[in-house]
Amino acid sequence: MQLLTKETTRKEKYPSDQIKPYSSALKSDETQQKDPSDGASVTSKTVIEIPQTKPLQFELRTYPQAWIALFLLVLLRTAVSVFQFTFSVVPGITSEYFNVSLSAVNWLANIQCIIYVIMSFFTGFIFEKLGVKRSIMASGFLCALGCTIRSISAKTNPPSYALAMVGQIIGGASAPMALNVMTMFTSTWFTENLRATAGMFVASNYGAILVMFVIPAITLDATYIPMVLNLVSGFALIVFLPLLFMPEKPPSPPMRIQEMDRPSFFDGLRLLFKNLNFWILFLIQGFNVGLSIAFCTLFAQIVGPHGYSNAEAGQLNAIAFFAGTLGCSISGPVLDYTKQHKLFLKLIAPMVVISDIAFIFMVRKDSYASVLFVLTMNQFFLSFLVPVVIELGAETSYPVAEATTNSILWQGAQLFGFIFVLVMDATRSTDTSVPANHMTNALIFQAIIAGVMAILAFLFHGKMARSEAAAWEQQTLEKLNALSDKDVKMNSHLTTSLYPLSSVLGVTLSDPPTIAGDNEHGIVLKKEKNRRNSLPQTTA
């Protein structure tokens, strides 16, 4: 353990309050003495203990294991999406098989939204306690268990809707566990230049595209429901087993700020409550994804009154999901290459508004091509915005854990989605309108909410605090390395003061320290007279 001394009369300096390193690993003991001979004060010092456990610098890299872990998480997200949409893509056949109404079938999907909101209150705490790997394993287990219970519900005589609902509740808890862990996963495994790209793969809804094409094609009638549920269960089990062997973390962290302590879950919440820019992002994410959830849920009812069949509505919705996946896929690499998160926030949000307004006028009878074009543009821009907001949320809320911010952002999205479905459904026109039961008012409501979201995008002025902290600490460590090569030795007349760098854990210094510097470098080598009872100071 290397002991350094620091003057207590000097205040520690950091680039800004936003990027002050959060660490509680340092121990200090302050003392002050007074020379009895002439009243001269001896400088008070604080002893700082820095554990010599890791080298001063290590290479920041993304290991091959990271891509394996990412592949397994994407597979899990796909399995969860297939589970979520199993019944909703064949509502009529599901209604016939369980002998329930279409409203009851809709509640098989609605209950998952409610479970998502409830679970998101706890996912940040769960991720903090379990870590990335165990949290992902728990998600895979819940998904496989929910699928198994649903398969059992189809084997009872008659088929048990109540047991299927139990399976939906248990399996539904896997969705927030798999999605909310996104930013914590990417910051654990990927360097800054690949983080948004990795997040894009996790956020993309490949399972929804798969289920919309495959399940309607193989579910010819109600007798095929047990087979479909067994296939979904088998897929979930196959995905879960490799998670047991997933690596827990890379050999070395992809960023140095991970080596520092972060606030606890509840301390992080207290910090977030004071962060206005984070709550602006919360509303942007909630409005953006919430509108997407509501629009896709009600899409068949929006275009149906204008003469579009369920098959045509299904095709349009599937293509819209593909366009959204494409937008999300492009967003990640673009953000990693440009680092212009705030610029894209302000550019893309107005495009969502424009496409929403255009859809009000385009949804007409025999306007399939126009509807398809506007719909794909809308979902492309909506999905492009998701990685932008998620990454900004982690940046502007630093040092709060990414798992906490991500959970809150996705929780808000599900909550607003549920509310928007109820509001848009309530604005449906009457049977006597032309066309009957049209949802023009719902589309106007959607455009208004998108407009508010665009205004909020221009009000956001948060800092890229996480990136700034990582860059600042990298520069400071490089300066320390350069200074440590200087031929300056510590003796009894000299004392070193290590200011902000002392909070960076894992620093190894030579013994005795051979460092020098100035205020600019954050390191001070000060000459000091230590006097005791007017006796001359002996040089070691």
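Quick reminder: no glycine exception, Cβ is built from N, Cα and C everywhere.
Copied over from TrEMBL, here are the features:
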- 1-44: region 'Disordered' (REGION)
- 27-37: compositional bias 'Basic and acidic residues' (COMPBIAS)
- 62-465: domain 'Major facilitator superfamily (MFS) profile' (DOMAIN)
- 66-87: transmembrane segment (TRANSMEM)
- 107-127: transmembrane segment (TRANSMEM)
- 136-154: transmembrane segment (TRANSMEM)
- 160-182: transmembrane segment (TRANSMEM)
- 194-218: transmembrane segment (TRANSMEM)
- 224-246: transmembrane segment (TRANSMEM)
- 278-304: transmembrane segment (TRANSMEM)
- 316-336: transmembrane segment (TRANSMEM)
- 343-362: transmembrane segment (TRANSMEM)
- 368-392: transmembrane segment (TRANSMEM)
- 404-423: transmembrane segment (TRANSMEM)
- 443-460: transmembrane segment (TRANSMEM)
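Within the same chain, residues 277, 280-281, 283-284, 287-288, 290-291, 294-295, 302, 342, 345-346, 349-350, 352-353, 356-357, 359-360, 363, 392, 420, 423-424, 427 sit at least 6 positions outside the transmembrane segment (443-460) and bring their C-beta atoms closer than 8 Å to a C-beta of that stretch.
Long-range neighbours of the transmembrane segment (194-218) within the same chain, counting only residues 6 or more positions beyond its ends whose Cβ lies under 8 Å from a Cβ of the stretch, are 62, 66, 70, 73-74, 77-82, 84-86, 89-90, 179, 182-183, 185-187, 224, 227-228, 314, 317-318, 321-322, 324-325, 328-329, 331-333, 335-336, 383, 386-387, 390-391. Within the same chain, residues 110, 113-114, 116-117, 120-121, 123-124, 127-128, 176, 179-184, 265, 268-269, 272, 278, 281-283, 285-294, 297-298, 389-390, 393-394, 397, 442, 445-446, 449 sit at least 6 positions outside the transmembrane segment (404-423) and bring their C-beta atoms closer than 8 Å to a C-beta of that stretch. Here the transmembrane segment (316-336) has long-range neighbours at 193-201, 203-206, 208-209, 212-213, 292, 296, 299-300, 303, 308, 344, 368, 371-372, 375-388, 391, meaning same-chain residues at least 6 beyond its ends whose C-beta is under 8 angstroms from one of its own. Within the chain, the transmembrane segment (368-392) has long-range Cβ neighbours (under 8 A, six or more residues past its boundaries) at 182-183, 195-196, 199-200, 203-204, 281, 284-285, 288-289, 291-292, 295, 303, 308, 312, 316, 319-321, 323-328, 330-332, 335, 341-342, 344-345, 348-349, 351-352, 355-356, 358-359, 362, 406, 409, 460, 462. Here the transmembrane segment (160-182) sits against the transmembrane segment (66-87); at least 3 CB pairs are under 8 Å, leaving out pairs fewer than 6 apart in sequence. Sequence-distant contacts of the transmembrane segment (224-246) (same chain, at least 6 residues past either end, Cβ-Cβ under 8 Å): 68-69, 72, 75-76, 78-79, 82-83, 86, 93-94, 97, 133, 136-137, 140-141, 143-144, 147-148, 150-151, 153-155, 159, 215, 218. Long-range contacts of the transmembrane segment (278-304) within its own chain (CB-CB distance under 8 A, at least 6 residues past either end) are made by residues 109, 113, 272, 310, 312-314, 316-317, 320-321, 324, 345, 349, 352, 356, 363, 371, 378-379, 382-383, 385-386, 389-390, 392-393, 396-397, 405, 408-410, 412-421, 424-425, 428, 437, 439, 442-443, 446, 449-450, 452-453, 456-457, 459-460, 462. With a cut-off of 8 Å between Cβ atoms, the residues of this chain six or more beyond the transmembrane segment (343-362) that come close are 284, 288, 291, 331, 334-335, 370-371, 373-375, 377-378, 381-382, 384-385, 388-389, 392, 440, 443-444, 446-447, 450-451, 453-454, 456-458, 460.
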